[in-house]
Amino acid sequence: MTDLIAQRTAAPISELDRGRPQAAPGRPGRPRRRSPGQSAWWALLFIGPTALGLLAFYLWPTVRTLIMSFTKSGPFGGSEFVGLENYTRLLQDPELLGALRNSAVYTVIALVGIPIAVAIAALLNTAGLRGRSVYRTLYFIPVVTMPAAIALVWRMIYNGDYGVLNEMLAVFGIDGRSWLTDPSTALVAIAVVGIWAGLGTNIVIFLAGLQGIPDTIMEAADLDGAGPIRKFFSITIPLLSPSIFFVSVISVIGALQVFDLVYMMLGANNPAMPNTRTIVYLFYEAGFIDNERGYAAAIAFLLLLIILALTVIQFRLQKKWVHYE
Amino acid sequence: MSDVSLDTRAMTGAPTGPGDGARRGSAGRGASARRPGRRIGRGHWLVHLLLATGAIVMVFPFIWQTLTAFKTFQDSVQVPPVVIPDPWVFTNFAEVFDSMPFGQMFLNSVLLTVGRTVGQVVLCTMAGYAFARIPFPGRNVVFVLFLSVLMVPSQLYLLPQYEIIQALGWLNTLQALIVPGIFSAFGTFLMRQFFMSMPAELEEAARIDGANPWQTFWRIMVPLAKPGIVALTVFTVLWSWNDLLWPLVVTTDPEKMPLSVGLSQLVGLHGTDYPVLMAGALLATLPMLVTFMILQRQFIQGIAFSGTKG
C-alpha cells in the first residue's frame, strides 16, 4: 500500500520542495514570509496531536509486536526472550500451512470480483442509460451494511436444512448441501460473500475511471469501425488499467486480512474450520483465545511479509500491463 | 499510445492510416446522426436485463432478511420456504431487546461513530493541511513515517494496543472504542492530497492580509475543503459503525458493546433462530442504510474519492 501511495505522491513531494527557497525571509518585492522556525511551531500545532496518537497507538505498538514475537509469556504474566523460537515453531505448525493455503484460495477467488466489477461499471457507463443512479445505489447497499449483519444473512441463505439457496437450486434440479459446514465449499461460500459485499466500492471506483476516458477516443474508434467488444478490450481496458491495478492491490491486501466474515459465518466449532481458517483467524486464535501473544506476534509479522511480497510482485508485474497516460 | 494517435487522427480528420480507414471514418461520421436512437432502443434492453439481474442478486439477501425478521420460527424453517410471513409477527424484535441491552448498544455505536468521526475529521484535516502547506524541517521524513502506518496490517499493532488500553484501565469503556480510532494515517494522507490540489493563491491573499496559519486554515481552507471533509466523514462513519475486531477485543460487558459485537453475541444466544437474528441484523443496519438513502451522492462520491485518492 505504501508503495502505491509513495508512487502516487512522489511528484507532489518534490513539487513542494521547490516551493521552499521562496520561504526565505526578506525577499524583495514580496510580502515577508514567516521564518522557518515560526512555521515549524505552527506545523507542530497542526500535526502534533495526530503524530503523538499515531506514535502511541500505531507505531510503538508495531515495534512492540516485533519485540513480542521474540518472547514467550510465562505463567505469571512476565515474558522471557526466546529468540526465534516462535518463528521456528510457526514454520513447523501444520495449521499454518492450512491457513496459508486457505488465505491464498480466498485471495484468488476475491480477485474474480474485479472483472465482474469492471463489466458492471462498463454496463453502467453505457451512454444515455436510464436509471443509472438507481442501479448504482442498489449495487452499493452491501457497502454500507455491517459485515457482521451480512454474515448472518448469508448464514441463513446458505443453511443446509432450510436455506433459500438450496431451495432455489432445487428448482433447477441441483442438490444443495450445507455450504458453510462442508469443508469443500465453506471457503468458496465465504469468498463469494466477500466479492458480493465489496462489489459496490469497486464499481464506483471503475465508474470514476471510465468517466475519465475522453469521449473523443471512443468516437475515433467508432469512426474506425470498431465494434463494442473490440472497443472494450482495446480501449476501455487499457485506459482503465491504472484503476484495475489499484483495485487489485487493495483487494489482495484486503483479502489477506479477512476476519469479520470468517468469524461471523463459521463460529469456532464449525467442522469446516480447518479448511477455512485464514491467517488472520489463526492470529486471532493464538493472541486472544489461546493467549499466546508471542506466537500471535510472529504470525502477524509473517502476514506483513506476505503482504509486502505480494505488493512488490504486483508492482513488478504492472509494467507489463498497466498503461499510464 | 496508439489510442492517442487514434484520437488525433479523428480530430484532424487526416487520412494517416490506409486509405480504407479514412473512407470508413467519413462514412461513419455521416451515419452517426441517425445511429444513436436505433442503437439505444436495442442495445439498452440487454444492458438493463444484465444490470437488473445483478441488482436482484445484490438486493435479494436484504429482502429475504427483512421478510424473515417478521416470520415465526416455524415459518422460517419451512421447506419449501414461506416467502411472505403468515402471520406477520413483531415478537422477534422484542426478543432482541429482551436478550441483550440493545438500546444501550445502539447508543454505544452512535457515540463510537460520532466520537471517531469528529476526532478524525478535526485532527486529519489539520495534519493534512500542514503536510500540504506549512514547510518545516524534516517534513518528508515525518510524512513517510505516517505512510508507514498505512502499510502495516492492523493485526500488527492490535496486541500492544490492547495492552495499552488494559494498562490505562480502559477495557469496557467508551474511550477504548473511540480514542485509538481518532488518529488516522489514511485520513491525514487523504486530506493532504486534497489540500495539495487546491490553488496556493487563495492563501497568499490571506497571508498578505496578515492572517496567521490557523486563521488561514480555519477561515479560508476548511470551508473550501468541504468535498474532502465529506469523503473522510463518509469513510470514517462507515468504518466506525461497522468495525468488529477492535470492539470485540476491548469489550466484554454487553452494556459497553457496540452493535457489531452485539450481533455476534446474539448468535451465541439464539444459534439458528434466524427470525430473531434477522431482526437484530435489520435493527443494526437500518440506521446506516437510511443515512445512505438520504445522502447517496455524498456516500458514493466519498467512497469513490477515498478509493481513488487513498
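Residue 1 is the first one shown; counting continues down the chain.
Glycine is no exception: its Cβ is also placed from the backbone N, Cα and C atoms.
Remember, TrEMBL labels are computer predictions, not curated facts.
Since this is a predicted model, take the numbers as computed values, not measurements.
Taken from TrEMBL, the feature domain 'ABC transmembrane type-1' covers B:106-295.
The region 'Disordered' annotation in TrEMBL covers B:1-36.
Look at TrEMBL and you will find B:45-64 (among others) tagged as transmembrane segment.
If you look up TrEMBL, you'll see B:106-129 (among others) marked as transmembrane segment. With a threshold of 8 Å between CB atoms, the same-chain residues lying at least 6 positions outside the transmembrane segment (B:106-129) that come near it are 146, 174, 177-178, 181-184, 187-195, 217, 221-222, 225, 228-229, 232-233, 236-237, 240-241, 243, 247, 256-260, 283-284, 287.
Taken from TrEMBL, the feature transmembrane segment applies to B:141-158 (among others).
The annotation transmembrane segment is assigned in TrEMBL to B:170-191 (among others). Residues 108, 111-112, 115-116, 119-121, 123-125, 127-129, 131-132, 146-147, 149-150, 161, 225, 228-229, 231-232, 235-236, 240, 243, 246-247, 250-253, 256, 258, 305-306, 309-310 of the same chain lie 6 or more positions beyond the ends of the transmembrane segment (B:170-191) yet place their CB under 8 Å from a CB of it.
If you look up TrEMBL, you'll see B:224-241 (among others) marked as transmembrane segment. Same-chain residues lying 6 or more positions outside the transmembrane segment (B:224-241) and placing a CB less than 8 Å from one of its CB atoms are 109, 112-113, 116-117, 120-121, 124-125, 128-129, 181, 184, 186-187, 190-191, 194-195, 198, 202, 259-260, 287-288, 291, 295, 298-299, 301-303, 305-306, 309.
For B:274-295 (among others), the entry in TrEMBL reads transmembrane segment.
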